[in-house]
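As given in Swiss-Prot:
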ACT_SITE  478  active site, proton acceptor
BINDING   55, 128, 200  [2Fe-2S] cluster binding site
BINDING   87, 129, 130, 452  Mg(2+) binding site
MOD_RES   130  N6-carboxylysine
């Protein structure tokens with residue numbers, strides 16, 4: 001039997017081999033390449049390093065480690081940059097409208113560079129929230145052997161014996177406005193909450209998506225909960241590069257890994273860890289990029305059979321670094337696998353199946369920790385990210401429902417058409433228990449860009465109204481949000497969804513038990529309002545925001561731009 005040699009440069013040879021490619025090789029020689037290098041794989045390193053945000057300020061050392069490992073293993077590293085937006089810094093401003101837009105820009109960057117330069121593989125490094133879905137969407141579009149390296153979580157800050165994180169500051173603003181915290185304490189929390197590089201420390205969007213990537217098999221085990229400053233993160237970046245070289249040898253591609261079954265695994269883990277509502281939007285987009293059939297109703301199907309196992313912020317007690325010490329995502333996955341809630345036959349980037357990767361992980365969590373609960377004593381029997389429907393959201397919307405003392409609420413609508421006026425009303429004590437705040441024209445097209453609502457929700461929590469005031473929006477929520485909040489309402493206001501027709505004082509019901517979001521107004525009144533409603537003029541007519549608003553799909557389909 002003849003054994004065919006492994007071709008490590010199946011794509012890059014299109015621009016490096018043959019006499020006609022002499023001009024191409026001249027360009028490589030200008031960068032220090034030698035003749036022997038043209039038989040090696042050209043491996044992209046999509047480096048998200050940036051001094052815009054602490055989430056990405058610690059990525060260069062990981063990129064350097066990965067580059068060295070690629071070259072040591074016989075590859076050529078080709079470095080290119082990907083942009084980032086700091087959700088935490090842009091929160092509550094017009095800048096937040098660029099956050100979701102950046103997901104698409106990142107995916108476009110990766111697809112463009114990998115395809116345009118005929119790369120044989122790509123290693124993507126990211127930190128802030130949209131880096132993860134944007135990176136994976138680009139990897140799936142290009143569909144060359146690829147691995148994701150998460151930049152790592154931040155370590156907690158400390159003040160007066162309490163662990164702090166970025167959400168602590170948002171909530172402190174509300175406490176201060178309510179007279180429950182001094183200016184001095186607010187300033188100290190501001191200064192101490194974020195002690196160094198890494199992504200926001202709770203089970204917020206970045207850590208949710210990195211954990212989901214580990215469950216998908218597109219990142220290495222244990223890598224999603226490591227802290228950026230720790231040496232094990234460097235080691236993981238180096239190991240990721242070596243694993244990628246093997247994936248190139250075996251022609252193992254992202255679409256081999258990201259399947260309907262592996263997405264179901266990832267969502268089961270998101271439910272078990274109490275992850276961010278943004279996972280719903282992003283996995284709809286990821287499935288679209290992978291060519292996998294996955295709908296908003298699939299999240300509800302997984303939720304109903306998956307318990308919440310981890311006591312993690314924002315609604316729980318612990319941070320991602322605590323989860324790491326308790327056994328990390330592999331421990332959570334092994335428990336779900338043993339309970340028949342994961343597909344053990346899914347392939348991972350290492351070439352091993354999920355079951356093979358987890359074979360040495362204990363079936364039950366250690367007794368000396370409280371972060372991960374045993375299967376027979378979960379935090380909650382069912383997942384926390386519920387898909388609600390009703391006349392306000394016939395396409396669906398997303399709510400965090402676990403841990404609420406009052407999972408059913410009917411109250412008068414308090415209507416706002418921008419986040420800033422809603423926040424001002426909260427801080428001026430104009431919102432009272434029982435109100436249902438409506439923030440609209442903030443969807444994919446209306447925002448545009450579906451901005452997150454952490455500033456208002458953080459202020460509500462800080463004022464002690466987190467569970468007694470409802471908030472619904474066609475925008476999004478930060479992974480740091482908790483309380484009686486419902487986001488991603490679809491159809492959105494700008495598309496003529498019923499949320500556009502709500503008037504001040506209307507009765508609205510949020511019912512987490514019945515999975516219902518309902519405007520309690522007669523059909524005749526709704527029809528009369530619709531007859532005089534007109535779509536608003538676009539807020540942007542040029543540039544990236546105009547392109548996003550014109551092309552974005554509904555939130556129930558992931559707010560993607562290529563849904564043709």
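Using the three backbone atoms N, Cα and C, a Cβ is placed for every residue, glycine included.
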* Asked: Closest to residue 452 (Mg(2+) binding site): which of the recorded positions 55, 128, 200, 478, going by Cα position?
  -> 478
* **Cβ-Cβ distance under 8 Å to residue 55 ([2Fe-2S] cluster binding site), same chain, at least six residues away** => 84, 86, 88, 127, 128, 129, 131, 151, 154, 197, 198, 199, 200, 206
* In whole Å, how far is the residue listed as 'active site, proton acceptor' from residue 87 (Mg(2+) binding site) when you measure between their Cα atoms? -> 8
* Asked: For the [2Fe-2S] cluster site given as 55, 128, 200, which other residues of the same chain have their Cβ within 8 Å of the site's Cβ centre?
  -> 53, 54, 56, 86, 87, 88, 127, 129, 154, 198, 199, 206
* For the binding-site residues listed here (128, 200), which one has the lowest count of neighbouring CB atoms within 10 Å of its own CB? -> 128
* Structure fact -> Other than 87, 129, 130, 452, the chain contributes near Mg(2+) (Cβ within 8 Å of their centroid) the residues 85, 96, 99, 100, 128, 205, 278, 478, 479
* To do: List the residues of the same chain that sit at least 6 positions away from residue 478 (active site, proton acceptor) in sequence and have their Cβ under 8 Å from its Cβ, in sequence order, or write 'none'.
  => 87, 91, 167, 204, 205, 276, 452, 453, 454, 457
* Within 10 Å of the Cβ of residue 87 (Mg(2+) binding site), how many other Cβ atoms can be counted across all chains shown? -> 32
